[in-house]
Amino acid sequence: WIMGHMVNGLEQVSEFLNLGANAIEFDIDFDQNGVAKITHHGIPCDCGRLCTKQTVFTEYLDNIRHVTTPGDPKFREQLILLALDLKLQRIPVEKAYAAGVDVATKLLDHYWQRGKSKARAYILLNLPLVQDYEFIRAFKDTLKNEGYEQHNDKVGVNFTGNEDLDETRKVLKKVGVDKHVWQADGITSCFARGTDRLTEALKRRDTPGYNYAYKVYAWTLVKYSTMRRLFRLGVDGVMSNFPDRVVEVLKEEEFADKFRMATYDDNPWKKFTG
C-alpha cells in the first residue's frame, strides 16, 4: 500500500493518484465539541509541504465517493484505501466519543449514503493516541444503532502515536477489537527515525495468533535509501509525500519480485503469508 500523505485539497487527490498512490491519507480537524469540520493539517507539517490546504469534510467525502465508485465518470480504480488522520489530540479527551459518532454519521450520510452508494474503498481510522479509544467504541456503536454494521467489514483501526505496543493491544482488547488492525510507526519527514519499534511491530505481525497488527506501515518516507531499508524489513506499506519515488524503488531489481502494488482484491485485514 502506497499512501499519499496529507491529501487535504480536492485537487490533490488526482495529483497523488497520478504519482502512483493507491491510498490517500487526509487529516480531520474537529471543533471543541468533537464535530468533524474540515480536512486540514495545519502548522507544523512535513518539510517542503504546504500545511494549510483544507476542504469541508462533508464535501471531501462527497468528492471521494465519486472517485471510489465503479462506473462513475470520476472513478479511479487504483484508489482502494482511505486513511483518516483523526486530529483528536486537539480536542478534550472526553469528546472522543462524540467525535466517533460524528465521523461515523458523516460517512453514513456522505460516503456510504446509507446503502445507496456503491463507493468501495476501505477505511482506516488513524487515531493519534490510545487515550482516544472511546472514538472507536462510538464509531462502532453508531453503525450498530443506525443499522449499518455491515460497513464494519470495510473499516480498520490504527494508532499512529508510536506508543507502547502492549498498551495498544490492551486498549484494543478493551473496546473489543481483535481484527482489522494496522500498526503505524514513523515520524515527520524532517527527522530520521530508528527501526527498533518498527521491527518489533513486524515481529508481532508475523507471530501466529497475534491479532493486533495485520498490516504494518511506516511514515512519512521521502528518501530512497529509507524506502529501501524499510522494504528490506518487510513492511506492508508506506506513507510518502512522493509516491512516485516509492513506485521507482519497487521497480528496482532487488524488490521487483518481492513486492507489488496492492489492488482492490487484496484484503487489507488479512496477514500476507507469501
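Just so you know, glycine gets a Cβ as well, placed from its N, Cα and C.
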Swiss-Prot annotation, Mg(2+) site containing E25, D27 - matching residue among D85, D102, D109: D85
Second cysteine of the disulfide that Swiss-Prot assigns to C51, among C45, C190: C45
Sorted by sequence, non-E25, D27, D85 residues with Cβ within 8 Å of centre, Mg(2+): H5, M6, V7, N8, F26, I28, T39, H41, A83, L84, L86, K87, N126
D85 (Mg(2+) binding site) versus C190 (disulfide bond) - Cα distance in angstrom: 19
Recorded positions near H41 (active site, nucleophile) (Cα-Cα within 10 Å), from E25, C47, C51, D85: C51, D85
